[in-house]
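K.L.:
Quick one: structure below, then a few questions.
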Amino acid sequence: MDQDMENFTFNPMYIDQVGPLYHTSFFIHLLWIIVSLAALSMDIYLIVVIKKFKTLESSRSYKYFLAFAISHLCYMLLSQILSMFFEVISHGLSQTRSLLVTIIDCFCLEMGLYVLTFMAIDWYFFHYYRLFYDKHLKVFNHGVLVSFLILFFKSFVVLLSCFVNDHILGQADNFIFLDFFDLASFFLCFITLTLLFITWKRKTPNSTSKKYEYSLIVPWVYFLMSLPLNIFYVVNVFQRPEYYSVNHEVLLDCLAIVSYLGVIVVVLLLGKYDKHFKMADLECCKGKYKNENFQDAVSDVGSEDTTVTFDGQVVNL
């Protein structure tokens, strides 16, 4: 058999057909690495800008954006760090530990999705259903905590189900189980945001809600950019490929690139729709505003007070 393997050669026609795909796959994967690093940089940049300027840090919307950036940063880094740690201490990543890392990965990603969704709900109900908003003020004032508790409970149930059913389903089925709940969270949030966006477009805008409309627009655009990748995952859950495919890998990397660009688009949209963030961006990148004059510049453009948002309501998250 060894002699047969030594004498084995690929069909030249096969090499001519598949070779260019591998070259394309290499360059697409290289682009994916570059975009991933850019997304990491945008996460860090968003955190630094919000924490640097008290006007942003005390804003209701930017507390949500801060939580989103931290969650997305953990999603990009935490699973990789844990994987390397487990591999070092145990000379390999067992299936159980791999499952645990995947659950943490999903938790960080979904936390960002829930936070963005709750921010849009917060903004929408404040401006269009104020009586309901005031009646449930404690819930809305702790949106990040509420998102965390909902997701923590869901993740705990999923984790428990995976380990309880491990002897029945097997590890591979547990990963499919995780994918299913991860996708369910995404599409639940996406449908919620889409319904809010449609109903908002049908309502008569007012000056106050228009000032903070980025609280709905930015999350919705981010979800739109992540939608193709999640549709691809849905297809994979129900129809997993039996063999390795270069086309499959290229398509996955392309969709992942579009999804990772969503974080960069979030920063760009904030600079477009919010004068707060635009001036903070100019201060950080170009030094246009001096630190001691930044608060005065914010007041000059009619932005929100340093301790209140949404029409002057004091908030705590």
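Each residue, glycine too, has its Cβ placed from N, Cα and C.
I grabbed these lines from TrEMBL:
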- 26-50: transmembrane segment (TRANSMEM)
- 62-86: transmembrane segment (TRANSMEM)
- 98-127: transmembrane segment (TRANSMEM)
- 139-160: transmembrane segment (TRANSMEM)
- 180-200: transmembrane segment (TRANSMEM)
- 212-238: transmembrane segment (TRANSMEM)
- 250-270: transmembrane segment (TRANSMEM)
K.L.:
For the transmembrane segment (180-200), which recorded stretch in the set 26-50, 98-127, 250-270 gives the largest number of Cβ pairs separated by under 8 Å?
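P.N.:
Comparing 26-50, 98-127, 250-270 against the transmembrane segment (180-200), the winner is 98-127.
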K.L.:
So which of 26-50, 98-127, 139-160, 250-270 has the most C-beta pairs under 8 Å when paired with the transmembrane segment (212-238)?
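P.N.:
If we count Cβ pairs closer than 8 Å to the transmembrane segment (212-238), 250-270 scores highest.
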